[in-house]
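The next block holds one structure in the form of structure tokens; read it before the comments.
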Amino acid sequence: MEPKKRYNLPAKARSGTFSDDLLSRNWDTQNGGSQKDSKYSLVHTSASQCFSDMIDEDPTLSYSGDIDSSSDLSINIGTLPSLCRTKTGSKRAQQYIAKSRPEEIEQIVNVVAPHLGDLMTDLYGNYMCQTLFQSCSSVQRLILLTGMRDDIIRISRNPRGTHALQTVITLASLPEEELVYQKALQGHIVELSLETNASHVIQRILSTLKNKHFVIREILGHVRELALDKLGLCVIKKCVNDPQIFNELLSQALVLMQDPYGNYALQHMIDQWQEECSFQIISCIKGKVVQLCIQKYSSNVMEKCIKEERMREEIINELIAEDKLPVLLSCPYGCYVLRTAALESDQKQRERLKNAIDMAIPTLHQKKLKPRWDEILSYLR
């Protein structure tokens with residue numbers, strides 16, 4: 001029998017420091033280090049940039065969980081607030097916390113709590129904070145939250161603090177924790193919703209906490225302002241299923257559907273409410289369907305409306321009755337709307353549309369759009 005082949009592991013892997021080195025390299029990359037020469041980099045730079053403006057749905061810690069059991073993790077707990085401000089110290093602190101017993105976690109909480117406001121925004125300290133929040137009990141987490149309550153707004157505005165705070169919000173399980181956020185953010189919801197880093201914190205609260213009414217109350221009266229803003233739009237989309245937000249969006253529907261960002265708020269509202277918003281939307285666009293179909297942003301909303309049966313009937317009736325199909329066929333955006341109508345309509349509506357389009361095409365002069373007309377007609381046959 002052939003002897004089994006033995007494979008020699010790299011020295012670092014055998015000694016147990018391989019994972020530490022990997023962690024260190026990943027951390028360097030995370031904090032501005034070069035990715036070009038790192039053989040451990042798993043995410044292409046361009047891919048990570050694509051997500052730079054999105055909410056961090058699952059903020060990750062720098063600590064990978066691979067602890068070298070042979071290393072000496074003994075730490076003077078009293079030095080943790082200063083120790084974790086360096087890369088090596090923060091890594092040691094995270095490893096120490098991960099292996100600590102409940103009574104040791106209790107001591108760590110008592111020592112760190114007074115310094116938490118500063119550590120949450122520290123380059124390396126914020127990682128230790130996230131590890132501590134994940135390792136402690138709900139009661140201990142409440143103690144930590146209370147300790148940094150006066151700094152929550154400042155933390156949410158910080159590029160590092162916002163990610164750490166989102167992680168902490170995700171862990172909330174007690175009504176008392178939600179009350180801390182409410183008291184800390186009260187009176188600042190709208191301004192934070194419009195800020196680059198803080199907006200993600202407000203969105204995380206809306207998607208995580210059970211009691212989000214304190215956020216809704218402050219947003220009311222500012223729905224239009226938020227929906228017209230790139231960051232505010234994301235906040236509105238998180239609470240569009242609230243009836244009060246829904247009604248305020250409807251009252252501004254005509255303005256919002258013609259805006260680069262507002263049109264997305266209307267589309268999301270239609271997706272959420274569907275038939276419940278049909279009557280109000282139809283009342284709003286009646287007599288203006290043609291103009292809305294040939295505009296860049298509102299045409300997106302009109303396509304969304306056509307997908308809802310009741311609104312589709314009204315829109316098609318207005319287009320055919322007013323003999324306005326030539327206007328739509330002469331405009332690229334109008335052609336998109338008609339294509340959606342052709343795909344979504346029932347047999348009777350398709351026949352009416354086909355007859356009207358067949359009559360309109362001979363009068364048109366935009367021959368460069370002929371391929372789009374042919375595509376629309378192919379869906380109507």
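Quick reminder: no glycine exception, Cβ is built from N, Cα and C everywhere.
What you are looking at is a predicted structure, and each value in this text was computed from that prediction instead of being measured.
The domain 'PUM-HD' feature in TrEMBL is assigned to 50-380. The repeat 'Pumilio' annotation in TrEMBL covers 110-146, 147-182, 184-221, 248-283.
Within the repeat 'Pumilio' (184-221), the DSSP-based counts of helix, strand and coil residues read 25 helix, 0 strand, 13 coil. The predicted model assigns the repeat 'Pumilio' (248-283) a mean pLDDT of 95. Residue counts for the repeat 'Pumilio' (147-182) by DSSP state, with H, G and I taken as helix and E and B as strand, are 30 helix, 0 strand, 6 coil.
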